[in-house]
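Remarks on the structure that follows.
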Amino acid sequence: MAKGFVDISSFSDDSIPAIEIEVRYHTNNNFVGKPIEGYDTAKIIMTFDAALAIRKVQEELVSNGIGLKIFDAYRPQRAVDHFMRWAADLNDEVMKNQYYPNVEKANLFRDGYISERSGHSRGSTVDLTLIELDHGEELDMGSPWDYFDPISWPSSNLVSVEQKENRNILRDVMLKNGFRPLPEEWWHFTLENEPYQETYFDFVIK
């Protein structure tokens, strides 16, 4: 692990509930349909600064009986390269029905769902949602994580009032603690004062 990065699972104590993680890029359950290069183990890694801010988010949420579930944070450049190769293979649509049923794979580059660089590789971007602490169930956000579709835009009018409220709870607490949202993904936030604004890391998660 590069200097200045931490494993979020070990970055906690007994004073607050642990943050739940689900590293789908280490499994077959992702839009590619197979484990992604660079995810050798199921860990969520991020910069120390981002982890501090995420901890503050969790501390604020627990008083309302909810908490964070993180799907991804630091993403090696080799993983982004893996996405690029997959996107170029238009014959591989194994996971289309689950992750991009309404978007043509040929348009993923054009529409910005796949790109040559990702802010995740700088280490201070996180993909996350909210869960009920008592039973671990995710709050209904109107679309799943990594669902390539306009319904995943935070401003989408295709979701219900309750789903919009849940998105706003997540957005508001993240903004309050120094993160900025992405207009196309309700789950995606980047630390405003990220420490490595120009560095795209490629160390393996292990």
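Glycine residues also receive a Cβ, built from the backbone N, Cα and C atoms like all the rest.
Since the structure is predicted, the reported quantities are computational estimates derived from the model, not experimental observations.
Under the three-state DSSP scheme, GLU185 (active site, proton donor/acceptor) falls in the strand class. Within 10 Å of the C-beta atom of GLU185 (active site, proton donor/acceptor) sit 19 other C-beta atoms, taking all shown protein chains into account. As annotated by TrEMBL, active site, proton donor/acceptor applies to GLU185.
Around ASP127 (Zn(2+) binding site), the same-chain residues six or more apart in sequence whose CB sits under 8 Å from its CB are ILE70, PHE71, ASP72, ALA73, HIS120, TRP145, ASP146, GLU185, TRP187, HIS188, listed in sequence order. Here TrEMBL flags HIS120, ASP127, HIS188 as Zn(2+) binding site.
According to TrEMBL, the feature site 'Transition state stabilizer' maps to ARG75. Taking the Cβ of ARG75 (site 'Transition state stabilizer') as centre and 10 Å as the limit, one finds 26 other Cβ atoms among all the protein chains shown. Under the three-state DSSP scheme, ARG75 (site 'Transition state stabilizer') falls in the coil class.
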Ten-angstrom check, please: count other Cβ atoms within 10 Å of the Cβ of HIS120 (Zn(2+) binding site), all chains counted.
23
Mind giving me a neighbour count for HIS188 (Zn(2+) binding site)? Other Cβ atoms within 10 Å of its Cβ, every protein chain shown.
24
